[in-house]
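Database features (TrEMBL):
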- 7-28: transmembrane segment (TRANSMEM)
- 71-92: transmembrane segment (TRANSMEM)
- 113-136: transmembrane segment (TRANSMEM)
- 148-168: transmembrane segment (TRANSMEM)
- 248-267: transmembrane segment (TRANSMEM)
- 279-301: transmembrane segment (TRANSMEM)
- 307-327: transmembrane segment (TRANSMEM)
- 339-358: transmembrane segment (TRANSMEM)
Amino acid sequence: MIGWGDVYKVVAAMAPLYFALGLGYGSVRWWKLFTPDQCDAVNRLVAYFSVPFFAFDFAARIDPFALSYRVLAADALAKLAVVLSLAAWAAAAASASAHRGAAAGGGKGKDRAVSWCITGFSLAALNNTLVVGVPLLDAMYGKWARDLIVQISVVQIIVYFPALLLAFEARRAWGAGKPAAAEGAAEGDVEESGETAARSFWPLVRAVWMKVARNPNVYAGVLGVAWACVTNRWHIETPSIIEGSVLVMSKTGVGLAMFSMGLFMALQEKIVVCGAGPTLLGMALRFVAGPAATAAGAVALGLRGDVLRLAIIQAALPQSITTFVFAKEYALHADVLSTAVIFGTLASLPILIVYYIVLGLVRC
């Protein structure tokens, strides 16, 4: 049974994060302390130093020889279920578009379906496991939950984000997502774009690899896991001078990440930039479809009790800001992802508390 003391403990753990977010928002929107260029400098500091050190710090504490493979498999199964559901919807949408004929935009309908599949996966399956998930689940269930969410976060960084990049690159190679000015291109241009679709798989992988190679969070996750393997295999203690250096940067990670989120919110003209329909769709995918898929995958693999509750709650964490960065770079529904990040982050605390209370009442 979840008591008010438990709820207060969760709120107390999350309030400092939203305090930092509020300071970031107010420093731009109300007090005019930072210009857009200065905000960009702060965001680079967070992206290249604070969060990577935070990721390395927690990844290095993982025991690679005692991973919760069933939890990771349940998370993978849930993401597979999301992919298959979106693929089935895209196939149905493409078929319906083909029946309407080319004159009614059949080719564009197929491209639109593929584009929404990528955005749908981002909304339903990729969340803020590290910055928000670690303190939240630590407050809810303790150290074992923190260790599990770090494992899930590291896998998301080094597996699922590169997979999302691969999908973006494949969409670009197949000629989808051209600028709006290209919509009226001649038929010969369409045939020309078809030739680009003949590019092989490996150039796509190379393009993704080059982007991943420039991502400091991937480096941090991989190096953290590698160092954890070394220290656990040969029982080596991290030298105090290295541990202290990493820790002093790691401690800035969460606060600065949320402060940076506040800067990002303040720089937007409004919180909801994509209309009511896409906003509701994004919230449904983030807070309903994602947790439902995870619950199904977790139950199918035999997870029970607090581990099952953790799996469901982590799937309802707010949207990963990395998905917005990718969407903006590839010009694909960036307004939808921006709204999901901003509105979802603001709405997530009461939603997560409701999940925590309801799941505490349910016998799992």
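Here the Cβ of each residue, glycine as well, is placed from N, Cα and C on the backbone.
Taking residue pairs at least 6 apart in sequence, the transmembrane segment (148-168) and the transmembrane segment (307-327) share three or more C-beta contacts under 8 angstroms. With a threshold of 8 Å between CB atoms, the same-chain residues lying at least 6 positions outside the transmembrane segment (7-28) that come near it are 34, 39, 131-132, 135-136, 138-140, 254-256, 258-267, 345, 349, 352-353, 356-357.
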